[in-house]
Amino acid sequence: MSTNSSDMIGSKAPSASTAAGKDTKREKDEDLGKPQAPKQRPVGSKKGVETMFRNAYRAELEIITLAATKANIMISLNGFIASALMISGAFIYTSSPEFLVPATLFLFTSAASIYFALLAASPDLADRPDGLFAWLKAVFKRDASLRDFKAYVRPRREFVDGESNILIYEERVKLSKSDYWERMRAMLNDQEDVYAKMSDQLYWLGQMANRKFKLLNVSYSVFRWGLMLSVLTFLGVESFHAIRLALDGDAVARPQNVGISQLEDVYEPSGFVQLPDGRILVAEDEPDRAFSVMHFLADGSLAGDPALDLRLMSAFHTRPNDLEGLTMDADGHIYAITSHSMDRKGRRQASREQLLRFRIVGDDIVNLAIYTDLIEQLQRSPVVQQALNRYPDQPVNFSEINIEGLGFDPRSQVLLIGFREPVVDGKSMIVKLDNPLGLFERGEAPNFSEVVLLDLQGGGIRSLTYDPVLGRFLIVNEIPGHAGNLYSQLWSWSGENDAQPEPVALPEISNLNNVEAIDSVIVNDEARLLMMSDEGSVQKGRPAKYMLQEYEQLSAE
């Protein structure tokens, strides 16, 4: 009975393990019936991914290199422009002051363009302007203070995983070597972190390129619009100048007499000539400023050209010292002579003993020739010795002479050399040199044909020139007045040996001290008499003075 019961129980009641197996099988069957989700693959190092990163890096770096190249171009170009404008600023001011306006505008344009180009070329400073403007805006709104300045100018960078990226230069340099190596090993052990950091670096490179090109765009825009504005300003100034000259047509046709005026950057004029093109070549005592070129403005005033002065002086290997006389022949040959006097220490110097001849073609000195044996030839000349032997009680030491006058007689093609010293028997001495062409073109010895002694009331010659309007020589010297003070006196002389000079009344000349240069000039097709005085001072910054007069004001005393 019991046995049967056990059998029945064993046959009718399945075990727990059997039931569990069936359930598991059923679940598996159900799982097999459901659609399976695709398995997500981790980012790997397939060739396509590597190629993508390689090309992306190359593109970003080429863009950054292009930005740096463009920045260098702007810096170089504007640097050259700014340097040229600063160097020529003084010349522009002296020659055409009105053009300082467009020049200054263009200078500031170049400086601003350089500033933004420098920001673009400086990685560490590329985002500083935006941060500075943002901080100023926040301060204005009272949302920030001085303590927040650093946070605005150098904000913290955000990264994909919250920690700094050692592939980025700005973050990598902040780490020590041990920290860097530890972070590098940790990153290399995590393949997904490697790609994440590389992606983050690509984003950083893109942001850097974007900032650079924004700043370059500002630099180019400033240069573009500044250039246009400078050109328009230049055209406006030029148009205004032309309109003013047109409205002042009467003044251009007949320049008024100029009272006593100051020269520009000329301090000790000792002679001048008017060149065939109308410009004025001025000689000075000092070797560094031996020659200057000036031109007449519409109102008869004189303006200088410092740039041309420097160019002219570059033609001299040994600059003439103490130039005192200047004249020109009919062929445009310019003759200049130094004083041939000793220096303040009583020494003879070769630079003070020169007779020069040259021409000015355009803006250059050409055919320069220098004769340096004048004193010795004067001592040997029988004509000179015969004239001076008439005064045995007044021997002349030619080592102590002082020449301050030089004139060319177009009627006889003779050079006249006027002496301030010596004064022989109370008379001023002129020596005629009748072969200037042979002296300089054929190497002949100077031929002194005549010695003329003129009664100029005891004053040596300070200036000597042939006046084509009067057909006579004009001479200036200094004589004592009633109070014992010296004043400049103008004389007229025919050039004949037996003729004596006649004093010329020109009251205005008394307002000039030490007149050393006088000559006839053409100003807007009218002949005028121009006088310059040696009364300036370089040390005091006080230029010399000049006066332009009509011939009708000359009268015999």
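Cβ coordinates are placed from backbone N, Cα and C, and glycine is handled just like the others.
What TrEMBL annotates here:
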- 1-46: region 'Disordered' (REGION)
- 1-18: compositional bias 'Polar residues' (COMPBIAS)
- 63-235: domain 'Pycsar effector protein' (DOMAIN)
- 73-93: transmembrane segment (TRANSMEM)
- 99-121: transmembrane segment (TRANSMEM)
- 215-237: transmembrane segment (TRANSMEM)
- 399-527: domain 'DUF3616' (DOMAIN)
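The average pLDDT the prediction assigns to the domain 'DUF3616' (399-527) is 91.
Counting residues 6+ beyond its ends, the transmembrane segment (215-237) has Cβ neighbours under 8 Å at 67, 70-71, 74, 78, 98-99, 101-102, 105-106, 108-110, 112-117, 119-120, 126, 129 in the same chain. Taken residue by residue, the domain 'DUF3616' (399-527) breaks down under DSSP into 13 helix, 72 strand, 44 coil.
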